[in-house]
Amino acid sequence: MSVENLKNSLPEYAKDLKLNLSSIARTTVLNEQQLWGTLLATAAATKSASTLKEIASEAADNLSAEAYNAALGAASIMGMNNVFYRTKGYLDGKYDDLRAGLRMNIIGNPGVDKADFELWSLAVSAINGCNHCLEAHENTLRQEGVDREVIFEAIRAGSIVAGVAQAVEANEILSAAQV
């Protein structure tokens, strides 16, 4: 199981995604932990079982156990936070005086470099469409001194994974239906 298997499973109509996935996996401004953590966290965020299995297999070879768990933790906590803060934002400040009451300890103590965890959280927030979390994580990354190019590359990687997951899921559904 690997990114190569994932690329090979993509149908012809997803050729651009195949090329983009090849490109992001080998030519990037992200270091290895940033890249594989981003790929793993965003694969988990897509909820595509096949995409997650293939990326997770290779991510396990490229990340420490702590980074692997932190990337999955970023996807999980953002799954909650993105829904909460996106919804709170839609309600025009009517609930801003109320305490969230949500545990988010992993954000303060992720077990990896804070900037890497923030980067993964940003990429997942892009997939989940939460502008409030995107802005908050981007601001934290900039305060940590992370270059714009690194931030942009993580967003690009997450976008590629989201597109790949969509193509994989569509192809699997249509294949099962024999359409």
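For all residues, glycine too, the Cβ spot is worked out from N, Cα and C.
Per Swiss-Prot, the feature active site, proton donor maps to Cys130. Marked as active site, cysteine sulfenic acid (-SOH) intermediate by Swiss-Prot: Cys133. According to Swiss-Prot, the disulfide bond annotation covers Cys130-Cys133.
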- Cβ atoms other than its own within 10 Å of the Cβ of Cys133 (active site, cysteine sulfenic acid (-SOH) intermediate), all chains, total 22
- For Cys133 (active site, cysteine sulfenic acid (-SOH) intermediate), which DSSP three-state class applies? helix
- Here the 10 Å Cβ neighbour count for the residue listed as 'active site, proton donor' comes out at 23
